[in-house]
Structures are given as C-alpha cells and as structure tokens.
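Q: Dumping the structure here so I can ask a few things about it.
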Amino acid sequence: MKRKSEGRSSWAAATCSPCCSLTSPSVKKIRSPTQQDPRHRDPQDDVYLDITDRLRLAILYSRPKSASNVHYFSIDNELEYENFSEDFGPLNLAMVYRYCCKINKKLKSITMLRKKIVHFTGSDQRKQANAAFLVGCYMVIYLGRTPEEAYRTLIFGDTSYIPFRDAAYGSCNFYITLLDCFHAVKKAMQYGFLNFNSFNLDEYEHYEKAENGDLNWIIPDRFIAFCGPHSRARLESGYHQHSPETYIQYFKNRNVTTIIRLNKKMYDAKCFTDAGFDHHDLFFADGSSPTDAIVKGFLDICENAEGAIAVHCKAGLGRTGTLIACYIMKHYRMTAAETIAWVRICRPGLVIGPQQQFLVMKQTSLWLEGDYFCQKLKGQENGQHRAAFPKLHSGVDDISINGVENQDQQEPEPYSDDDEINGGTQGDRLRALKSRRQSKTNAILLTCPLAVLTSALCSVVIWWIVCDYILPILLFCLDGFGT
C-alpha cells in the first residue's frame, strides 16, 4: 500500500499483473497519510483494480495527471443515465456497446500500444456503479469471464458499489446488483438476445427516442416494448403521442404479427387489425401487478404468435416489462432479478414498484410451467408443435405447486377505462418526463453547433470591420505622422 504522493508514479512505472489468474485479482489502494489501520479503507482512498495486464478501473478523488506511459479516460459525463426519479442505472444497451467499442479501439490503437489504459471514475457512487457495470459487461462479453469472475474482480478488497433501484417515486425496497446484471448479460449471450456483431446502434438510438416511437427490442425478433399509441399523432402535455400508423410500416418490416395492449383504449384496434396484425387487449391498472388469468392469457398469445410481438401499456414500462419478464422467466429460466436487470438494460425504467416483488413471487411457478412446457414439446416434430399448443396450455393449468393444484380463481371485475384518468397516472408522468428530457437533450445538442457557428460568424464580422474601417484609418494616421 502506497501513499497518495507516491502511488500514481510508482504504478505508472510498474508492470500490471495479468488478470488471467482470476481467483486473485489485483488491487492498489492509495492510502491517505493519516490512515494507519490497514483493515479499513478511508472513503477518500484512490483505488485501482486490474482488469487485464493493460486495462484498469480506477476510483479517484482528484483528477489524474497524464503520463507518457498511462492513458486516463472517463465516461462519467459522456455515457449518462437518463433517470425518471431516483433511479440511476444500469446504463442501456447502446451505452454498453459504445463503451466496449471505445475500450477495444484504445487497446488496439498503435499510439497506445505501450500505454496502460485506465478508466477512472470520481467520488459519485452512482457513477462508480455504472462504471463498474460497463467494465463488468466488457469482461463478460469480450474477455470471456464468468459473471462471478467479473464481479469478484470489481469488489476485490473492500471495494463496494450501491445497487440499482427502480424508476418509481418514493422509497425503494427492491434492488438489483452488479452480479444480477452480469448474469443477465451472460444469459442474454447464451440465448442469443445479445450479439454485438449484429447489433444496430443507429436503429436502437433512433427508435428509443420519444419523438421517433419510443420502442426497444427486449428479445430480438421476438419482443418489442413500446409506449401506447393514441388515436392521432400530436404533442400534448409535454410528450409525443403517436398514432398506430406511426408503427405499422416498421412493424411489418420487422415481422411483427401481434400487438398486445395492456392499458385503456386510446386508439381503435382496427387501425392495426385492418393492416393485418393480430390485436389483443389485456387490461390491468397502471402501476399494479397482473392477475394469474392475465399472465396466462399473455403467455398463451405469445406462444401461439407466428412472428414478433409488440407490447405496450401507457408508457411501455411497468405493465409491459412485467409481462415480458414473465415470458422470459418461463421459457429461459432466468431469475426474477436477472430478468429485471436484462429488460432494464434494453429499456431503462421497465418493471416498477410492487411488480418487482410480483416477479420474485412468480419465479418458481413460472419455472415449473416452463419445464412442463418443454417436456410436452420434447420428442415432437416441428410440424406438430403448433397443434400441441392448446393441449399444452390446458395441461399447464393443472400443474400442482408444493402439492396444491392450480384451481380456477375468481375472475376480477372487468377493467374500467375510468380507472385511468387522462394525464394522471404513473404512465403519463413517466412518458412525459422521458419526452421532455429527450427534447431538452436534443436542444442542447442543437445549441452547441449553433453557438460555434455564431461565434465564427461574429469573428468574421469583427475582422471585416477591422480590415475595412479601422485599419485604413490607422494607416492614414500613421502616414500623417510620418510626413
């Protein structure tokens, strides 16, 4: 352990230990001169964590000085999470992709071949968590580390990170950890959800914007989550409202065959059905969890859909994420925490409040249903699968869990459109916030080049005034003095 005054220079001159020995990752903590107890780290200590022999993650409490053999960089103000409330991460899929490309480019750069690459973050614990998330994803995706190996590298010693929370207003009693996120990424790669070789960054960043449709793929070629359309396109109450026609051509191009609406009717379903889509309504209240009947209905529709399924509620966050998560848990046996982590990486804000605990509660039963589903399909030819679905679904209803059979439950009262007041629900607030936030970001991006252009024009005008008016007068005066 070295003091701050000697830490950086000595590290820069030293050779980093390779991280192929993953069971004992290396860490350097730079202690303050006043700290004497080696068992506890001062919160203001700088920390360096070895990722590979050339790559490190650093938590620094003062900006590092450049060196000839060390390249420092930070993404704290470059890849920023756009929060809804007190949520702060994890960063979305496009940011993970951008980060991985950045690291690969730096490691392969001819000008940096002899340099150590240090990704540093500052004192903000939320930024630290997102920096660790990005580095961990890079280890899992490009270095072939297991989630546990990546996580162990990041928490070596007493280094810790705050967990991620949901987008709900108020207190939070459910969190997802970095390890949950790494497991989600690993399983997404395993099941083909995540493949950066075919990832379309431009498409992701275009369509996730509120003004361009506010949609994200959760499972490529299978599930889209998007905000609820309205009867006509307009800008109202601070957010963009899109009509069904906005989505029809894109859905057709991407082989979407089924639309599932989870909120009250804001548009005529005929807009989609007349265009050749199947359209289904499964209403339940904004911010609530679905009944077993709704979960079963959703799974039945998805398992019988010929193509991709586009799901929406009002904001395309809470209800939408919850039911898509149920499908993922049933058919891919991911845990509730892993599933929540994955859907939020794809579309930040998904699954809100009590819907998180609902998924934890449903995990075991959904796994059992998935096992039963697979057993029924096993041994059957592909051509027989479709005919087997109705029988399978009726069989799933009779599964017994912990010795208690699934019996018919009393249906809830029909959902009323009056349960959602225009402009007053959680979904309204979330989508309005997202739309205003992105509009502000776009305005900033537009303002920067305009400011540069304005400054350049002002310089030209000033130079023109000097050359055409002031300079001749000065020359005339000087000539007069000379004579």
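Start at 1 and count along the chain as shown; that gives each residue its number.
Heads up, the Cβ atoms here are built off N, Cα and C, so glycines get one too.
The region 'Disordered' annotation in Swiss-Prot covers 1-45, 407-426. Annotation comment: Swiss-Prot describes 1-53 as motif 'Nucleolar localization signal'. Taken from Swiss-Prot, the feature compositional bias 'Low complexity' applies to 12-26. Taken from Swiss-Prot, the feature domain 'Tyrosine-protein phosphatase' applies to 213-373, supported by sequence analysis. Among the features that Swiss-Prot reports, active site, phosphocysteine intermediate is placed at CYS313. The annotation compositional bias 'Acidic residues' is assigned in Swiss-Prot to 408-421.
Set these features in their place in the structure for me.
A: Here the motif 'Nucleolar localization signal' (1-53) returns a mean pLDDT of 52 for the predicted model.
Its Cβ taken as reference, CYS313 (active site, phosphocysteine intermediate) is surrounded by 31 other Cβ atoms within 10 Å in the chains shown. Secondary structure from DSSP puts CYS313 (active site, phosphocysteine intermediate) in coil.
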